[in-house]
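Engineer: In case it helps, Swiss-Prot gives these features for our protein:
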type: BINDING; residues: 181, 247; note: Mn(2+) binding site
type: BINDING; residues: 184, 185, 186, 198, 199, 200, 203, 204; note: prenylated FMN binding site
type: ACT_SITE; residues: 322; note: active site, proton donor
């Protein structure tokens with residue numbers, strides 16, 4: 001189903017009972033987090049906080065708080081009563097589309113060639129289009145009117161350093177790339193028009209910024225932040241879209257209609273384009289540092305001094321409660337100065353919180369897991385299923401089910417998964433099992449680990465690999481180890497002993513007891 005903007009999606013969710021309006025006053029300082037967290041853990045609806053007692057904007061939370069709503073946002077019309085299972089299965093179709101876009105199969109005949117041409121035409125037809133007089137610029141704040149405190153920016157946890165923008169789609173462009181990049185990076189409010197842009201070094205926005213700083217030293221770097229885009233654009237920004245395809249174009253494929261874009265209004269930022277029907281847009285720059293920077297506070301990490309981007313204004317970010325369930329360490333990141341804010345009339349502020357799983361990012365991880373499966377299966381045909389348990393912070397542990405064909409096969413799959421997609425670079429643990437193990441059932445996974453693993457033989461340890469900066473368990477920030485566990489049945493060459501034979505009841509006996517079951521009343 002097509003959703004032309006966030007409001008269209010909100011209306012659809014309300015119609016099918018997936019959204020609840022909250023008229024009571026709920027503060028964006030801690031209270032919204034507590035309420036959203038309780039509702040999400042109960043599998044409840046999205047929440048629209050309508051009271052304007054504290055701010056002039058309604059706040060939308062828990063938008064993607066269930067896999068079904070993620071599927072709906074991706075254009076899959078999950079029917080009422082189907083539950084999350086049906087929605088997850090339908091998301092594999094999105095993965096198959098991505099797989100075809102990432103590595104198209106060579107045509108084996110006229111029929112295949114026709115399908116390939118149809119796909120290419122579909123991608124071509126979804127090229128974004130620029131519109132004039134966009135709704136996202138119905139209201140414009142400039143000069144002293146630009147005050148981020150006028151927005152209902154959440155403070156999520158008691159130990160947070162301050163208010164935090166959590167669902168902003170950051171739009172950047174590198175000097176050597178034709179397409180714009182969309183990324184979601186949290187942004188700490190530190191002044192009337194200043195935010196800290198927390199993007200890690202490997203993320204698209206940080207790479208664009210670094211390339212710009214190298215080629216344009218001393219020049220301000222333009223950035224736009226979108227708050228409240230249509231669901232296809234939001235989800236396109238968190239999906240592993242091939243580098244040759246823009247997130248806007250992929251959003252068009254999900255939506256079934258071209259993404260309408262608008263040029264930013266601020267001179268110097270007008271080379272960036274944002275969704276024309278977005279609720280709120282922040283336009284501005286990351287400016288070069290003027291004068292000598294103030295010294296780092298006692299006990300804080302040192303300021304960045306290496307690289308062209310170090311010459312730009314930075315600030316100490318955090319601590320904040322994160323998706324790990326802990327407060328993260330402080331670190332230096334660039335400062336984004338907002339020069340102009342544009343918005344729709346009666347704009348909606350879209351927000352979320354992160355915390356110990358399950359939270360909204362964990363739900364997104366469960367849904368995107370199904371998108372990953374076809375991508376992995378195309379590269380590794382032996383993989384029969386793949387699961388990122390949400391308890392593992394969505395990506396730190398992966399369980400792989402495979403059809404094993406030779407000794408050492410499981411180890412090959414481990415290294416393949418670690419190296420295949422950027423999304424798995426930070427996966428610390430991989431457990432590989434056979435086809436007879438349901439990888440979504442912890443009881444079966446633990447059974448396989450405890451009965452099919454010899455720790456010395458079946459454990460793979462890899463030291464000094466890229467690791468999540470937020471992973472305080474690693475000895476060095478951003479660098480740590482990985483573990484692979486081969487919980488498959490062992491083949492000759494992997495063991496000298498006779499391997500165990502699983503206990504299975506006779507099929508005729510099972511059928512006989514099935515026929516008696518209702519009579520027994522057990």
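Positions of Cβ are set from backbone N, Cα and C atoms, glycine also.
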Engineer: Indicate whether residue 184 (prenylated FMN binding site) is helix, strand or coil by DSSP.
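Structural biologist: Looking at the DSSP assignment, residue 184 (prenylated FMN binding site) belongs to a strand.
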Engineer: Relative to the mean position of the Cβ atoms of 184, 185, 186, 198, 199, 200, 203, 204, the recorded prenylated FMN site, which additional same-chain residues have Cβ within 8 Å?
Structural biologist: 170, 183, 197, 205, 206
Engineer: Nearest to residue 247 (Mn(2+) binding site) in three-dimensional space, by Cα, is which of the binding-site residues 184, 185, 186?
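Structural biologist: With Cα distances computed to residue 247 (Mn(2+) binding site), the winner among 184, 185, 186 is 184.
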Engineer: CA-CA, which of the binding-site residues 181, 185, 186, 198, 204 lies nearest residue 322 (active site, proton donor)?
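Structural biologist: Checked the binding-site residues 181, 185, 186, 198, 204; minimum Cα distance to residue 322 (active site, proton donor) goes to 186.
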Engineer: By CA distance, which of the binding-site residues (198, 199, 200, 203, 204) lies nearest to residue 181 (Mn(2+) binding site)?
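Structural biologist: The answer is 204.
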Engineer: Just report the maximum Cα pair distance in Å for the recorded prenylated FMN binders 184, 185, 186, 198, 199, 200, 203, 204, no decimals.
Structural biologist: 14
Engineer: By a simple count, how many Cβ atoms lie within 10 Å of the Cβ of residue 204 (prenylated FMN binding site), its own Cβ left out?
Structural biologist: 21
Engineer: Using a 10 Å radius around its CB, how many other CB atoms surround residue 185 (prenylated FMN binding site)?
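Structural biologist: Around the Cβ of residue 185 (prenylated FMN binding site), 23 other Cβ atoms lie within 10 Å.
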